[in-house]
Amino acid sequence: MYKLVLLRHGESVWNLENRFTGWTNVELTEQGRTEARRAGQQLREAGFAFDIAYTSVLKRANHTLWLALAELDREWIQVEHSWRLNERHYGALQGLNKAETAAEYGEAQVIAWRRSYDVPPPPLADGDERLAIGDARYADLAPGEFPRAECLKDTVERFLPYWHDTIAPTIRAGKSTLIVAHGNSLRALVKYLDDLSDEAIVDLNIPTGIPLVYELDAELKPTAHYYLGDEAAIAEAIAGVAKQGRAA
Ligand code: 3PG
């Protein structure tokens, strides 16, 4: 009935350096820009002609969207930004290397911080410059509402109102919709769409820059989902994301 496309941003500088990123506003790498263009080409070849796109307020997602839309000759469509599509806030882990953190705290702790549904990372302290209070991107967030750290459950809770109030009605209205967001904000959406359990979501890893197509029925329940591209390369990219939390 409907097709919805989810796209995680291309490789960022901190993906390359294997650092916890969260709300840190890092750039794409050259490889990330290539991934974004390739995603646009794949979507064009698969016949997608989007009417509207939703993205976060973080530049790695915004630039991915621009590059993909350019390949689709669709730069002119409506684009909506919301912090509710931002990456999960990684709290005091933001900036730390994932493998070094695993060496220091143990891989099991890093898996819990990265993938458990309800274990938040350590929070940012008051006055920490990483809080980004005062950044114009977050003008509609009162200082007390700023996340200090989020577990996936928190991300689901701040994302779902945007889904229900803004994105879902657009899809129901028949608009071809693209969402360009982040590993964990997309995991939040997939958990909701596929009704995954808190245990099952632990094993879900979303690779950078590979379009994920959801076919939805009239109630927006998924009837199928699949990545576009070469299956072996996709499996390798997914395994690569899972491995980022291993001690070096
Ligand atoms: C980050 O914020 O560090 C990444 O974009 C997602 O990280 P994760 O795969 O470790 O959750």
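The backbone N, Cα and C atoms fix where each Cβ goes, and this holds for glycine too.
As the structure is a computational prediction, the values presented were derived from the model and not from experiment.
Marked as substrate binding site by TrEMBL: 8-15, 21-22, Arg60, 87-90, Lys98, 114-115, 183-184. Residues or ranges marked as active site, tele-phosphohistidine intermediate in TrEMBL: His9. Here TrEMBL flags Glu87 as active site, proton donor/acceptor. What TrEMBL records for His182 is site 'Transition state stabilizer'.
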Would you mind pulling the DSSP three-state label for Arg8 (substrate binding site)?
strand
Where Arg88 (substrate binding site) and His182 (site 'Transition state stabilizer') are concerned, what is their Cα separation in Å, rounded?
8
Sparsest-packed of the listed recorded positions (Arg8, His9, Arg88, Lys98, His182) - C-beta count within 10 angstroms:
Lys98
Those binding-site residues listed as Gly22, Gly183, and which of them has the most Cβ atoms within 10 Å of its own Cβ:
Gly22
From the Cα of Gly22 (substrate binding site) across to the Cα of His182 (site 'Transition state stabilizer'), what is the distance in angstrom?
9
Listed recorded positions with Cβ under 6 Å from ligand 1, out of Arg8, His9, Glu11:
none
Rounded to the nearest Å, what's the C-alpha distance separating Lys98 (substrate binding site) and Glu87 (active site, proton donor/acceptor)? Just drop the number here, would you?
16
Count the other Cβ atoms sitting within 10 Å of the Cβ of Trp14 (substrate binding site), across every protein chain shown.
20
Glu87 (active site, proton donor/acceptor) versus Trp14 (substrate binding site) - Cα distance in angstrom:
13
Going along the chain, which residues six or more apart from Glu11 (substrate binding site) have their CB under 8 A from its CB?
Leu28, Thr29, Gln31, Gly32, Glu35, Thr208, Gly209
Check the Cα-Cα distances from His9 (active site, tele-phosphohistidine intermediate) to the recorded positions Gly22, Glu87, Gly183 and tell me which is shortest.
Gly183
Return only the integer: C-alpha distance in Å from Arg8 (substrate binding site) to the residue listed as 'active site, proton donor/acceptor'.
10
Spatial neighbours of the residue listed as 'active site, proton donor/acceptor' that are distant in sequence (at least 6 apart) but have CB under 8 A:
Thr21, Gly22, Trp23, Ser56, Leu58, Ala181, His182, Gly183, Asn184, Ser185
Using DSSP reduced to three states, classify His182 (site 'Transition state stabilizer') as helix, strand or coil.
coil
